[in-house]
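According to TrEMBL, the features are:
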ACT_SITE  GLU55  active site, proton donor
BINDING   ASN42, ILE43, GLU44, ILE45, SER46, SER47, TYR48  substrate binding site
BINDING   CYS53, CYS85, CYS88  Zn(2+) binding site
DOMAIN    1-126  domain 'CMP/dCMP-type deaminase'
Amino acid sequence: MDIKRLIRKALEAQKKAYVPYSNFHVGAALITEDGEVFTGCNIEISSYSPTLCAERTAIFKAVSEGHKKIKAIAIVGDANFTYPCGVCRQVIREFGKDAIIIIANSEDEYREYKLDELLPHSFGPEDLEDGNTRGGENV
Ligand SMILES: [Zn+2]
């Protein structure tokens, strides 16, 4: 996997951010297990709650095209090393439990994490599988 290429794609996506309210631009680019690349930017809506982060834009584009396994995702933003919000960490968990998360300022300045470092002791699809539940005895 070419990390610099993924960061370049995230930087390109960042330019498309629709952020008239915060003026905080974020871009994301992910690569799936089968090698497809999807990008996303953050999109703000005037009533705020429909706003969508760049990471989820990219992930939902991938999933809606039939790609459910994220190998890596690169994120760039206007802050010095922009990390994904908690909601996006959970969405990454759903489709990329073992994904590499690349937090970048530029092609040459980036940090790599495993999801488990950013979302330790996470809850995921496996927790709902048969045989892994306690049948509601604690409810
Ligand atoms: Zn987010």
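Think of each number as a place in line: the chain as shown, counted from 1.
Just so you know, glycine gets a Cβ as well, placed from its N, Cα and C.
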The domain 'CMP/dCMP-type deaminase' (1-126), counted residue by residue under DSSP: helix, strand, coil: 39 helix, 33 strand, 54 coil
Between ILE43 (substrate binding site) and GLU55 (active site, proton donor): CA-CA distance (Å): 11
Listed in sequence order, residues not in CYS53, CYS85, CYS88 with Cβ within 8 Å of the centre of the Zn(2+) site Cβ atoms: ALA54, GLU55, ARG56, PRO84, GLY86, VAL87, ARG89, VAL91
SER47 (substrate binding site) and CYS85 (Zn(2+) binding site), distance between Cα atoms, whole Å: 19
Intrachain C-beta neighbours of TYR48 (substrate binding site), sequence separation six or more, cut-off 8 angstroms: TYR21
Residue among binding-site residues ASN42, ILE43, ILE45, SER46 with Cα closest to the Cα of CYS88 (Zn(2+) binding site): ASN42
For the binding-site residues ASN42, SER46, SER47, the one whose C-beta sees the most other C-beta atoms within 10 angstroms: ASN42
